[in-house]
Ligand code: NAD
Ligand code: G6P
Ligand code: MN
């Protein structure tokens, strides 16, 4: 009999929470649960999601105890896993992260460039607070964190909470691997074994094989060279399920791949290699945050309201996010020592032999009850090394700036970002960001 788990979802009011709950319900045979709690610092927002999830859980798994709270002690007591997806400053601040740089002709993006730096300066404190609550009230628990910007958050927890049981993870490689599996006609991405290295939202696949050891890279490369990561199904149907902005990202992977045809790239590299192209197609008055607020946020909250009004979740239209099952894979690996191979964001410590030992890198790991065991990926080529040295320095400078409250250090971080053209523009953006973030950032001197 598998031990039943007690789960805390931190960021209970997130648009992803209902999908995670549905996904947990779909996996109860593999990952049995006795309790689910929600925690958020916005009671109204969380209640809208929690009221619908309470109905859903009562109908589909009445044996699971459910509660939602904004009180840390109540939330973090008696927990095995904290699944954390908070967004400090919510979409209102994401919108500013995206629009302020665009005023200066610079990419405005959730996790890359100045937007990601601004978001990092807000997230560090929020995530450290969650870690501290967990250690105080459930010291044996693990935190599976996917709050962004994961690269900066991971560096902050490495440096400032070195002994904490937090594992940072991203769903972008999982999502791209789903697409690769479709290109190959495989039923699951788990039929592939991959080698990959990089930083979060900044990495490359170097080897992809089937279970018999056959090389799958040539067939994927042939497709990516023509169509990026747009799937065969998406190519053949006029009506696509994916949003236009994501479709563009998958198409653009073709141009990203062209830079290094030896490897297959993460989609986020487009912001670093083709910064001007991305600025040219951006609408400075309507960015991704606006799209998300108009679509995903409205849809999730109105569907939750409908469930509450109807008093039943029988015909609920919110679907289990099947990408999110990597979170259960990770939790299971720790809970039941499965030794699953997964890409995680961990301290390098020699896994990339010729790269900074203290960098937080995204690489394959075997995961068991004592956490991730990173797999050596060897030496990395000069092109990737050069890019990664610059980017990891940005991430480390942001954490230093947060820690010291240093204007100078944050200005250096922005200037070093490949996306920012020069120090003058970096300063203009920084001054606007400071003004916009005064309720969230430490005071900079
Ligand atoms: P959202 O704004 O809908 O939800 C975030 C929730 O966090 C809100 O309810 C907010 O009130 C709450 N919150 C903010 N600060 C908090 C704090 N200090 N303590 C407790 N709760 C707090 O956002 P979303 O779009 O659903 O995304 C949630 C998070 O998940 C974001 O950080 C997003 O970037 C991240 N995400 C990461 C991945 C990944 O690959 N790592 C994938 C998808 C989403
Ligand atoms: C991917 C990334 C996440 C990011 C999300 C943005 O899933 O891995 O880190 O937060 O995309 O998606 P959105 O729909 O909010 O723009
Ligand atoms: Mn991510």
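Even glycines carry a Cβ here, placed using N, Cα and C.
What TrEMBL lists as transmembrane segment is 7-25. Annotation comment: TrEMBL describes 110 as site 'Increases basicity of active site Tyr'. According to TrEMBL, the Mn(2+) binding site annotation covers 170, 201. Feature annotation from TrEMBL assigns active site, proton donor to 171. Annotation comment: TrEMBL describes 268 as active site, proton acceptor.
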Exercise. Which ones, of the recorded positions 110, 170, 171, 201, have a Cα no more than 10 Å from the Cα of the residue listed as 'active site, proton acceptor'?
Worked result: 201
Exercise. Ligand 1 is in the model; which of the recorded positions 170, 201, 268 have a C-beta less than 6 angstroms from one of its atoms?
Worked result: 170
Problem set entry | Filtered recorded positions, from 110, 170, 268, whose Cβ is under 6 Å from an atom of ligand 3 | 170
Seminar exercise, completed: Between the C-alpha atoms of residue 170 (Mn(2+) binding site) and residue 110 (site 'Increases basicity of active site Tyr'), the distance in angstrom, to the nearest integer, is 14
Seminar exercise, completed: Least surrounded, by Cβ count within 10 Å, of the recorded positions 171, 201 is 171
For this session: Check each residue in the chain of residue 110 (site 'Increases basicity of active site Tyr') that is at least six apart in sequence and keep those whose C-beta is under 8 Å from its C-beta; list them in sequence order.
Result: 94, 97, 98, 116, 119, 148, 149, 288, 289
Exercise. From 170, 171, 268, which recorded positions have a C-beta atom under 6 Å away from some atom of ligand 2?
Worked result: 170, 171
